[in-house]
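Lifted from TrEMBL, the feature list:
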type     : residues                                                               : note
ACT_SITE : A:Lys219                                                               : active site, proton donor
BINDING  : A:Leu25, A:Gly26, A:Met27, A:Gly28, A:Thr29, A:Val30, A:Gly31, A:Thr32 : NADP(+) binding site
BINDING  : A:Lys119                                                               : NADPH binding site
BINDING  : A:Glu204                                                               : L-homoserine binding site
DOMAIN   : A:371-447                                                              : domain 'ACT'
Number of protein chains: 2
Amino acid sequence: MTEVANNAARNGVWGTDHPIGVAVLGMGTVGTEVVRILRDHADDICNRVGAPVVLRGVSVRDLGKDRGLPAELLTTDSEALVTRDDVDIVVELMGGIDPARALIKQALDAGKSVITANKALLADYTGELAAAAENSRADLYFEAAVAGAIPVMRPLIQSLSGDRVNRVVGIVNGTTNFILSAMAETGADYHDVLAEATRLGYAEADPTADVEGYDAAAKAAILASVAFHTRVTSADVYREGISKITAEDLETAAAVGCTVKLLAICERVVEGPEEGGKESVSVRVYPALIPRKHPLAAVNEAFNAVVVEAENAGRLMFYGQGAGGAPTASAVMGDLVMAARNKFFGGRAPGESVYAELPIAPIGDTPTRYHVNLQVADRTGVLEAVAGEFAKHGVSISTVRQEGHDEGARLVVVTHHAQESALADTVAALAELDSVTSVTSVLRLEGTEE
Amino acid sequence: MTEVANNAARNGVWGTDHPIGVAVLGMGTVGTEVVRILRDHADDICNRVGAPVVLRGVSVRDLGKDRGLPAELLTTDSEALVTRDDVDIVVELMGGIDPARALIKQALDAGKSVITANKALLADYTGELAAAAENSRADLYFEAAVAGAIPVMRPLIQSLSGDRVNRVVGIVNGTTNFILSAMAETGADYHDVLAEATRLGYAEADPTADVEGYDAAAKAAILASVAFHTRVTSADVYREGISKITAEDLETAAAVGCTVKLLAICERVVEGPEEGGKESVSVRVYPALIPRKHPLAAVNEAFNAVVVEAENAGRLMFYGQGAGGAPTASAVMGDLVMAARNKFFGGRAPGESVYAELPIAPIGDTPTRYHVNLQVADRTGVLEAVAGEFAKHGVSISTVRQEGHDEGARLVVVTHHAQESALADTVAALAELDSVTSVTSVLRLEGTEE
């Protein structure tokens with residue numbers, strides 16, 4: 001404790017006699033784990049910060065529930081808690097926009113540092129919150145908001161701050177990855193697997209935010225913002241969910257050596273090949289085929305992984321548990337120790353960096369490869385007619401595979417990179433062809449070198 | 001530039017009129033890339049730091065060589081360079097103990113922050129250097145010292161600072177991983193592959209530091225120090241290299257669904273199953289069999305990967321390029337931007353954390369599983385005799401596989417966890433048995449649940 005005493009003497013405010021006070025808002029899965037770690041590992045945390053870190057209170061919705069905590073630590077009055085004089089750091093784990101947004105702002109305005117795991121809030125209001133933090137010289141940390149326990153915000157914001165990130169591709173939603181992995185493994189239907197996921201606790205009663213890609217889109221916005229030093233909000237993210245993925249899609253994917261994953265893709269787009277071409281940022285979330293050999297293809301069940309491609313670092317991958325109480329609490333606690341050290345030693349978390357102000361590329365301008373599955377009449381000339389429609393719309397074909405089938409034949413067309421709009425026109429035209437019974441599925445293909 | 005001007009006004013010392021000065025010591029592969037990035041991306045770096053960062057000089061051994069830099073930036077006098085008044089941050093990339101050690105100390109004593117990639121120096125002298133940094137309130141950053149571009153120091157020191165790390169296992173040497181991957185793929189002999197690696201520039205003319213595991217051991221010491229808040233030096237690391245690995249070892253490994261990797265293993269050892277048992281740290285580097293399904297088995301060629309297991313975060317993996325000019329420079333530049341921000345905003349890098357002071361477990365006390373290959377006489381009773389020796393020395397057998405062979409038979413024994421000393425005694429006794437022609441190889445087996 002000599003070091004702590006020395007620091008206390010040097011830093012004046014905090015020390016053994018005046019610990020750093022923490023308020024936790026919300027005691028769900030993650031909040032419960034944060035409170036446990038704070039109480040069970042107080043000695044380690046004190047040693048790592050340089051001063052004791054003490055839990056001042058936890059705000060909950062229901063005071064009646066037994067949480068194994070002294071009653072005086074619990075309150076329903078979040079506002080009173082965050083403004084207490086003996087609270088130096090606020091950990092927001094209640095989720096949702098309101099009242100989290102106002103409470104965080106109140107805390108920051110009062111000079112208290114804030115740790116949050118609230119991706120929905122950050123995806124839309126980082127600008128406002130970061131300005132409040134900047135104004136009062138407080139910290140705003142949010143490692144836990146993306147990919148749970150996996151350190152990805154700090155590597156992007158700090159470790160890669162001297163590099164130029166070109167691409168971030170991640171599996172950042174555990175629920176959808178659990179569903180797609182199970183569909184790939186068992187051949188079962190989407191709705192059956194979703195029901196099973198709900199039963200096992202991997203999907204919520206209302207799974208919309210996960211399965212329709214809203215959660216992944218919020219994370220994509222946060223990732224893109226820090227990767228490209230540009231403010232990206234959830235409205236800037238093109239989003240498709242997995243609810244239309246069929247057992248047949250997974251089967252087709254397997255037949256071509258691929259699997260289907262819900263990807264969050266953040267890409268720097270450079271127009272014109274020459275250095276100094278006009279730059280923009282493409283941010284999108286959709287299910288896509290990826291080759292089995294791609295490092296993200298092996299990420300199964302509820303795990304998350306993020307691949308970062310930077311000019312000098314090359315390709316990096318970060319893998320681990322993207323959700324769950326203890327893993328997410330690990331990320332929160334890392335931020336908490338850093339925020340407490342900053343209070344004690346007088347440092348600052350890096351603030352929002354949006355100097356690049358790159359424009360957002362519309363999805364229609366973002367070329368991707370496509371995998372188009374057609375049910376066609378089994379007669380000569382079909383391939384020619386189909387190929388003709390692709391050519392007419394300027395979509396270049398990479399491979400075509402024709403398979404005999406009970407009722408007619410199946411054509412699987414894989415394109416080179418094509419504009420979303422050109423592909424959509426092609427598909428509409430294909431559906432009108434006499435020889436095409438139906439366009440069974442259209443899936444994007446990612447992770448290949450063309 | 002308004003923000004920069006504001007900060008300059010607020011921070012007094014640095015700003016547009018008074019940039020942050022950088023000295024680079026050594027202009028080899030990494031130094032050349034750091035200098036290139038500093039000059040080519042000055043605008044981005046200025047925006048990310050908040051103030052301009054300017055290269056003051058580079059120390060080299062040979063002034064005659066053309067490096068595409070103005071002559072006034074080059075010097076052979078490193079000492080004069082690091083003590084210049086207009087140098088705020090020193091980037092040490094010369095390698096080796098002397099004169100790097102004295103130069104870094106000189107810089108830190110003068111209050112200049114230091115970024116280094118010098119693992120050999122850090123593995124033995126972090127204590128001394130960290131004390132100098134602490135004393136003058138300067139920063140000492142070393143992300144690039146372990147696993148090149150892969151952010152692993154910052155995640156361990158910061159992101160996991162609120163968690164309890166139990167294990168760090170990594171492939172942290174690209175040369176040996178290139179050699180072992182090539183041996184596994186081609187079936188070629190160690191010496192032939194080493195010659196090829198040298199020709200391709202993956203191995204140095206004198207490959208000792210890499211192939212005998214000294215480089216990996218230095219990195220293991222650095223990883224263990226930060227993971228366990230305990231000062232670990234290279235002398236504390238048990239070390240075996242890969243120079244005795246044979247083509248037959250790789251073949252045997254493949255036959256049992258494994259591959260051979262040079263692993264750096266840092267482990268918290270808890271004696272007694274109950275919470276609060278006596279703890280120690282085991283740090284070791286050796287080639288070991290790992291199952292093909294283990295995430296590290298897929299790390300091939302010169303790539304690096306580090307798996308971290310923490311109490312709350314669970315298992316995390318970090319993957320990327322562990323060496324090379326640009327990747328290592330990316331890690332250096334991230335540290336440089338952070339150190340420059342600290343100068344500008346008044347923050348501090350986390351210092352050395354060694355409060356836990358855990359003892360080092362001797363290798364003899366560290367149980368691992370073994371894979372023992374024996375050439376035996378092809379007659380009844382051999383298996384019984386061999387099994388008897390294992391039992392006599394208290395080494396429990398997991399599986400035995402017997403194979404017919406041209407000259408006699410081959411026995412492959414896989415043990416449960418056993419003490420190094422007990423296994424060594426067993427092997428000595430086996431060699432004495434009439435029915436045992438030779439003990440072909442003894443390899444450790446890692447990455448399995450027993």
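Our numbering is plain: 1 for the first residue shown, then up by one each step along the chain.
Every residue gets a Cβ built from N, Cα and C, even glycine.
Where TrEMBL records a feature, it is marked here on the structure.
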| residue | record | Cβ within 10 Å |
| --- | --- | --- |
| A:Leu25 | NADP(+) binding site | 26 |
| A:Gly26 | NADP(+) binding site | 23 |
| A:Met27 | NADP(+) binding site | 22 |
| A:Gly28 | NADP(+) binding site | 13 |
| A:Thr29 | NADP(+) binding site | 14 |
| A:Val30 | NADP(+) binding site | 26 |
| A:Gly31 | NADP(+) binding site | 26 |
| A:Thr32 | NADP(+) binding site | 20 |
| A:Lys119 | NADPH binding site | 25 |
| A:Glu204 | L-homoserine binding site | 13 |
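A Cα-Cα distance of 15 Å separates A:Gly31 (NADP(+) binding site) from A:Lys119 (NADPH binding site). Of all the recorded positions in the record (A:Lys119, A:Glu204, A:Lys219), the one with the smallest CA separation from A:Thr29 (NADP(+) binding site) is A:Glu204. Sorting each residue of the domain 'ACT' (A:371-447) by its DSSP state yields 24 helix, 32 strand, 21 coil.
Ranked by CA distance from A:Glu204 (L-homoserine binding site), the recorded positions A:Leu25, A:Met27, A:Val30, A:Thr32, A:Lys219 have A:Val30 at the top as the closest. Taking the Cβ of A:Lys219 (active site, proton donor) as reference, residues of its chain lying under 8 Å away and at least six apart in sequence are, in sequence order, A:Lys119, A:Ala123, A:Ala145, A:Val146, A:Ala147, A:Gly170, A:Val172, A:Asn173, A:Ala264. Over the domain 'ACT' (A:371-447), the average per-residue pLDDT in this prediction is 91. In sequence order, A:Val24, A:Glu33, A:Val34, A:Val35, A:Leu93, A:Met94 are the same-chain residues whose CB sits within 8 A of the CB centroid of A:Leu25, A:Gly26, A:Met27, A:Gly28, A:Thr29, A:Val30, A:Gly31, A:Thr32, the residues recorded for NADP(+) being left out. In the three-state DSSP scheme, A:Glu204 (L-homoserine binding site) falls into the coil class.
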